[in-house]
Amino acid sequence: MNSIKLPRTIHIGGKGQVKKLTLGGTSPILLQTMWKESLLGADLLSIVKSLNELEQLGCDIVRFAVPDMDSAEQFVKLTRLTEMPLVADIHFDYKLALRCMDGDTAKIRINPGNIGSKEKTEEVIRKAKDTGTAIRIGVNSGSLPSDLKKKIEEANSKRNLSGDKKALDDEISLLRADTLTEAAARELEIFEKADFKDAVVSMKASNVRETVMANEIFAKKFDNPLHLGVTEAGPLIQGIVKSTIAFYRLLEQNIGSTIRVSLSDSCENEVIAGREILTECGKRQGGIRLISCPRCGRKGFDVQAFVKRWQTKLLSEKKDISIAVMGCVVNGPGEGKHADLGITGAEDSVIIFKHGAITKRLDLKKLTEEEKIKAVDKAFIEELQSL
């Protein structure tokens, strides 16, 4: 059985004021998200502010859709305003990739299923070499080359005529994974002939099983760094579940150099989800680990409201500590005593504790709801800052 290859090391960014990042090898796994809005008419300084906030949450790279030349012009301007390494997501028109590389672009993402002829890809590679820009070959199950699509269509036709659909389903899943790998391999051949070494690869299906199989097959044959993701993963809960299953299975085998949790939700939630997955898989250390109880009828403290109010701020902190937010005195400070800092409540009082020892009690009986929130937040921030 072929073993997983250690991915080659490549560098992205480093132009202008953009941070230089190391990808692959034994480097930490990088966390990405994708900007959710059009660049057309956008306030670029406002985007820079948002990029800074995403960085505080733990984001390393942000990708932007560049569907037309006006968007490419905006993208080039944006690359010169931020330290965040930016990726231009290009489909159909290779000239958009060429224009984006005039900026301080960290990486270009192209899709071999729709970028056009080999000659167009070669022109993109030449400019990438000249400008020191990495390229991601992004293969999606929905946009495979026509001959590979035909293979899958023929297999599906046989399945519809078969009595043993389950057996054929397994074969078709493997075939789909193979076609994703084949599409990537074909494109890589062009890159290798051009002696272009800074190529990252991604192979994504909306099906977890096929995504995992494709990346496993690829990682045994090639040493290009892999970007992991499940395409069209879905809304918040479904998307996180799919991504977590796929990433865990791959990261446990040391497959993957970057990840993105694709969600029909905010960039912030993509980053938070990705960060938590990396932490729980033992692939990222540091930062605040937020623990909270699921709530029940005993609750004396509104865990949900407190977490909603504090989550982004806490996850932006660089302190390497754990914080427990517990709904009642059963869970805190007793079950939360392992935490560096914790908070809970009982009736009209709030308790703040460190390593299970109570450090502060607040009597909220005579306060309005607004005053209660202010008092709790003030006491909590004081204890947090003391750590």
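In case you wondered, yes, glycine gets a Cβ from its N, Cα and C as well.
Annotated features, as they stand in Swiss-Prot:
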type: BINDING; residues: Cys293, Cys296, Cys328, Glu335; note: [4Fe-4S] cluster binding site
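Sequence-ordered, the extra residues of this chain that approach the [4Fe-4S] cluster site, with Cβ no more than 8 Å from the Cβ center of Cys293, Cys296, Cys328, Glu335, are Pro294, Arg295, Arg298, Lys299, Met326, Gly327, Val330, Asn331, Gly332. Neighbour count (other Cβ atoms within 10 Å of the Cβ, all protein chains): 19 for Cys328 ([4Fe-4S] cluster binding site).
Under the three-state DSSP scheme, Cys293 ([4Fe-4S] cluster binding site) falls in the coil class.
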